[in-house]
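Q: Take a look at what Swiss-Prot says about it:
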- 81: active site, charge relay system (ACT_SITE)
- 128: active site, charge relay system (ACT_SITE)
- 231: active site, charge relay system (ACT_SITE)
- 66-82: disulfide bond (DISULFID)
- 162-237: disulfide bond (DISULFID)
- 195-218: disulfide bond (DISULFID)
- 38-242: domain 'Peptidase S1' (DOMAIN)
- 139: N-linked glycosylation site (CARBOHYD)
- 1-25: signal peptide (SIGNAL)
């Protein structure tokens, strides 16, 4: 992940949206324009993570810039800062469903609508969540299907093993090399008050200032975390066998 205190735990900071889904990643404070990817993981098996999507922006080519999760045949969940305020033209945005290697077999899908949480302003204030409506529903299969969202009452105890996936950097300033495989890494849930204390290390905000808010969830461990390239992507945890 993004390190504010390299000698401490590197913590994956996620916001728990109103939908009660821990399904996207937010960068650390002070790094709002940097996305996050995977460090310390391995290539994901082709049979896993069928809800993973890649968000693409138009340029010299359709460049990957954020991750997301398919939560319905026609809806993708991602981070608000991935699309707000930079994405003004829907024609410049595409969604690529689960693929093992970026760019090799693209079938880019157009987006018809972006819904950003009305309370989102900047990452540090929380509510960093957005929904993308696809122009057409996708065909659900064993290779492509939705992730299960937890109920609002679900809790994620400290130490609970979860997984982060994406196509981001594999280390600080080290880009994912060709053929750009989807990566995965297992990370434990970290208590919010510990996470908040770690994020204050080296800052001058005072400990009364809450960096990790109540609508956020922390997960991560030393050398196993996220890095630049996949903000908005999923954090998934196995609960009751699902």
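Backbone N, Cα and C atoms are what each Cβ position is placed from, and that goes for glycine too.
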Q: Looking at the recorded positions 128, 139, 218, whose Cα is closest in space to that of residue 231 (active site, charge relay system)?
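A: The answer is 128.
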Q: Counting other Cβ atoms within 10 Å of each Cβ, which of the recorded positions 139, 231 scores lowest?
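A: Output over recorded positions 139, 231: least Cβ neighbours within 10 Å is 139.
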Q: Tell me, by DSSP, whether residue 66 (disulfide bond) is helix, strand or coil?
A: strand
Q: Which of the recorded positions 81, 82, 195 has its Cα closest in space to the Cα of residue 237 (disulfide bond)?
A: 195
Q: What is the nearest of the disulfide-bonded residues 66, 82, 162 to residue 218 (disulfide bond), using the Cα of each?
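A: Checked the disulfide-bonded residues 66, 82, 162; minimum Cα distance to residue 218 (disulfide bond) goes to 162.
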Q: Return only the integer: C-alpha distance in Å from residue 82 (disulfide bond) to residue 128 (active site, charge relay system).
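A: Approximately 9 Å lies between the Cα of residue 82 (disulfide bond) and that of residue 128 (active site, charge relay system).
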Q: Using DSSP with the three-state reduction, classify residue 237 (disulfide bond) as helix, strand or coil.
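A: Assignment for residue 237 (disulfide bond) reads strand.
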Q: Between residue 162 (disulfide bond) and residue 66 (disulfide bond), how far is it from one CA atom to the other, in Å?
A: 20
Q: What's the most sparsely packed of the disulfide-bonded residues 66, 82, 218, counting other C-beta atoms within 10 A?
A: 218
Q: Just how many other Cβ atoms lie inside 10 Å of the Cβ on residue 162 (disulfide bond)?
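A: There are 22 of them.
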